[in-house]
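Features of the protein shown, as given by TrEMBL:
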DOMAIN    92-234  domain 'Phosphoribulokinase/uridine kinase'
BINDING   97, 98, 99, 100, 101, 102, 103, 104  ATP binding site
Ligand SMILES: Nc1ncnc2c1ncn2[C@@H]1O[C@H](COP(=O)(O)OP(=O)(O)O)[C@@H](O)[C@H]1O
Ligand SMILES: CC(C)(COP(=O)(O)O)[C@@H](O)C(=O)NCCC(=O)O
C-alpha cells in the first residue's frame, strides 16, 4: 500500500514474490534449453544459469503464453465487433532497464523460450540502439554526451517501425548500431517479416508519450506493447557491473584497433575503473534516474536483481 498525506492509502497494482514462490508458478511448463544454450544467451558479466532459467524465466514464459492467447482473443473480439476479419498482429513485448543491468540477456532468453512454445511462434528481437541518431547528427545537436537519453533517439522512426510491425506490414526495416564503431552502421539494416512475437529491448521503451505542441498527447512505442518487463537493480550494483564489464571489454572488444574505445585498451586497472565510473556517473546514472527509473511503474513485470546479478524478487502487475 502506498501512503498518502491524508493517511489514506492506495492499493499497489503489483504483487511481489520472492524467487522461491515465483519459481512454483512454472508448474509443468517444459524446459527446452540446455547448458550450452544458456551459455550462448548469457551477456558479458551476467550470471544467468540453468537454475535461473527454470526458476525465474520459465514462469515468465508460461505467463507470456497466457497473455499471448488472451491478447489474440481480445484482438479477435474487436475485429468481430467491427465486422472485420481481424488480420493477424504480432504480440509485442518491451524490455526496459538501465545500461548494464542485463536487459539484453533477459530479452534473448525470453525470445528463445517463446520460440520453443508448442505453437512454434516466429520471434524477432530488436534493440532500440539502432534508432539512435548517427554521431554526425548527435554532434550537430550537442548530444554526444547524451547517448541513451530520450532525445538521442529518432523516436518517430522507432514509433513508425513498431507500429508498422504491429499493423502486419510484410517487411519492416530497422537500422543497426555498432558498439564497436560507436555509431549507426551506414547502409545496414535488419528486416522484420511479420513475426508472431516481437521483443523490443532498450533503455527508454517504457517512456510515456510526449505531449504535442498543441497540448494533445502523441503516441509512444509503449502504446503498442502487449507485455512489458523492467529489469531493476540498485544503482550502486549497476555501477559496479558497468565498471566490471568495462574492465572485461578492455581485454576483448576494446583491444580491436577499429574499436571506438581502443584508446581505453591500454589503461591500467585504476585508470579503467576511473574512466568507467566517470562515463557511468556523467551519462548512464543521470539517464537512469531522470528518464528510465520513472518508467518502472508502467511495467507489467519487474525483475529485481540482487548484488550478484541474479533475480531474487519478481513484481507482477495484477490490477
Ligand atoms: N563499449 C562496448 N563494446 C562492446 N560491447 C558493448 C559495449 N557496451 C555494451 N556492450 C554490449 O552491448 C550489450 C547491451 O548493453 P547495455 O545497453 O548496457 O544493456 P544491458 O547490459 O542491460 O544488456 C551487452 O551485451 C554489452 O555486453
Ligand atoms: C547504446 C546504448 C545507448 C544503449 O542503447 P539501447 O539499445 O538500450 O537503446 C548504451 O549502451 C550506450 O552505449 N550508452 C552510452 C554511454 C556508454 O558508453 O556507456
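For all residues, glycine too, the Cβ spot is worked out from N, Cα and C.
Nobody curates TrEMBL annotations by hand; they come from automatic prediction.
Shown on the structure are the features that TrEMBL records.
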residue: 97; record: ATP binding site; contacts (Cβ under 8 Å, 6+ apart): 103, 106, 203, 230, 231, 232, 292
residue: 98; record: ATP binding site; contacts (Cβ under 8 Å, 6+ apart): 203, 231, 233, 235, 238, 284, 287, 288, 292, 293
residue: 99; record: ATP binding site; contacts (Cβ under 8 Å, 6+ apart): 148, 203, 238, 242, 280, 284, 287, 288
residue: 100; record: ATP binding site; contacts (Cβ under 8 Å, 6+ apart): 45, 238, 241, 242, 245, 280, 284
residue: 101; record: ATP binding site; contacts (Cβ under 8 Å, 6+ apart): 231, 232, 233, 238, 241, 305
residue: 102; record: ATP binding site; contacts (Cβ under 8 Å, 6+ apart): 43, 45, 46, 48, 231, 241, 305, 309
residue: 104; record: ATP binding site; contacts (Cβ under 8 Å, 6+ apart): 43, 127, 201
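Within the domain 'Phosphoribulokinase/uridine kinase' (92-234), the DSSP-based counts of helix, strand and coil residues read 45 helix, 43 strand, 55 coil.
Confidence annotation: the domain 'Phosphoribulokinase/uridine kinase' (92-234) carries a mean pLDDT of 96 in the model. The number of other CB atoms found within 10 A of the CB of residue 103 (ATP binding site), across every protein chain shown, is 23. Proximity to ligand 2 (Cβ under 6 Å from any of its atoms) holds for these binding-site residues out of 97, 99, 102: 99. For the ATP site, the Cβ centre of 97, 98, 99, 100, 101, 102, 103, 104 serves as reference, and the other residues of the chain with Cβ at most 8 Å from it are 203, 231, 238.
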